[in-house]
Amino acid sequence: MELRQRQTQSLYRYRRVLEGPQGAELQMDGRRILAFCSNDYLGLANHPATRAAFMQGVREYGVGSGAAHLVTGHSRAHHTLEEALAAFVGRPRVLLFSTGYSANLGVISALIGRQDAVFEDRLNHASLLDGGLLAGARFKRYRHRDYQSLEAALTATKARRRLVVTDGVFSMDGALAPLPDLAAVADRFDAWLMVDDAHGLGVLGEEGRGSVAHFGLGMAQAPILVGTLGKALGTFGAFVAGEEALIETLIQQARTYIYTTAPPSAVAVATLASLRLVETESWRRDKLTRLIAQFRQGAAQLGLQLVDSPTPIQPLLVGDAGAAVKLSERLLAQGILVTAIRPPTVPEGSARLRITLTAAHSEAQVARLLESLVQVL
């Protein structure tokens with residue numbers, strides 16, 4: 001699509017320049033803005049303990065890793081974090097990746113090839129869809145959150161290996177994947193189930209162990225687990241968790257791991273501190289749950305059309321891309337930042353305001369958001 005066409009269809013993307021740290025309020029364009037579009041779900045990106053750990057990591061390791069993990073970039077800090085994350089999600093091994101995007105591409109391409117097939121939810125994150133397309137395997141998309149559609153697709157395949165891929169929490173609507181049903185279907189057809197838990201880790205399940213734990217499942221049902229560190233954990237990077245053989249396979253074959261400079265060790269030190277906060281400060285999840293309930297109850301009373309989501313992601317469906325952009329602009333004029341999500345990120349005709357809540361927000365701030373929505377709609 002040409003740039004001019006994007007502009008006329010209200011699909012043009014812009015960057016905003018922040019002038020300070022993440023938080024419920026942001027410094028932007030010379031003024032304070034109340035933001036409801038961050039993925040910093042637990043409010044840890046600017047936590048004093050995380051910041052102090054990062055600075056300690058800089059003092060110990062410097063600011064850059066200098067090389068890929070397989071050369072001289074893998075530090076004791078990286079290794080310690082991998083072990084801590086493995087214990088947290090209840091898996092034998094974890095492998096750190098620089099980003100969630102590279103983790104998903106690396107896993108899928110390392111595990112399947114031309115004689116295989118990958119089955120993906122139609123609304124999976126772009127990194128999962130790209131991973132499936134680039135792997136060279138037969139690529140099938142099943143209907144959103146529909147395990148029977150997946151079952152029909154698996155019935156028709158004669159592929160050597162079968163990989164089922166889903167988000168744990170879908171990033172644009174906040175809905176949970178039906179993991180127990182997907183796991184049962186995958187098991188029946190001898191397929192691997194891969195869950196990208198970018199938006200569930202830290203938020204769902206006991207002690208924030210994610211969407212797989214939320215459903216009472218484990219490695220036997222979902223052998224491949226991907227998590228990101230830049231959302232609820234408030235830092236940067238990603239990881240893949242699973243059995244010993246999976247991790248060793250990725251070390252040998254995942255090109256996005258082999259040929260990428262390792263993240264700074266200081267980030268690993270900061271993430272370890274953040275992980276301890278996730279484990280010990282359950283009040284953050286409790287508060288987030290209360291704020292979600294407050295927002296949904298208020299929205300229902302106002303007649304707002306929300307997606308059915310129990311997560312911090314609370315999209316307000318608009319439909320038309322231009323209308324969504326105008327609503328976002330009206331909110332910004334009132335000092336509230338909510339991003340308009342438009343095609344191709346979401347299907348045509350389903351543009352929305354992607355409202356996200358965090359533990360850093362207050363009840364008064366959520367009430368202000370509801371009041372502003374009434375005024376702009």
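Yeah, the Cβs are placed from backbone N, Cα and C, and that goes for glycine too.
Swiss-Prot lists ARG13, THR345 as binding substrate, and of HIS78, HIS79, HIS125, HIS214 the one it places in that same site is HIS125. THR228 is the residue from THR72, THR80, THR155, THR228 that Swiss-Prot records in the pyridoxal 5'-phosphate site together with GLY100, TYR101, SER171, HIS199.
A separation of roughly 10 Å, to the nearest angstrom, links the Cα atoms of LYS231 (N6-(pyridoxal phosphate)lysine) and GLY100 (pyridoxal 5'-phosphate binding site).
Listed in sequence order, the residues HIS125, SER127, ASP196, ALA198, GLY230, LYS231, ALA238 complete the 8 Å Cβ shell around the pyridoxal 5'-phosphate site centroid, once GLY100, TYR101, SER171, HIS199, THR228 themselves are left out.
Across the structure, GLY100 (pyridoxal 5'-phosphate binding site) and THR345 (substrate binding site) are spaced 17 Å apart at their Cα atoms. Here the CA atom of HIS125 (substrate binding site) lies 13 Å from the CA atom of THR228 (pyridoxal 5'-phosphate binding site). Under a cutoff of 8 A between CB atoms, and with a sequence separation of 6+ in the same chain, the neighbours of SER171 (pyridoxal 5'-phosphate binding site) are HIS125, ALA198, HIS199, ILE313. DSSP gives THR228 (pyridoxal 5'-phosphate binding site) a strand state.
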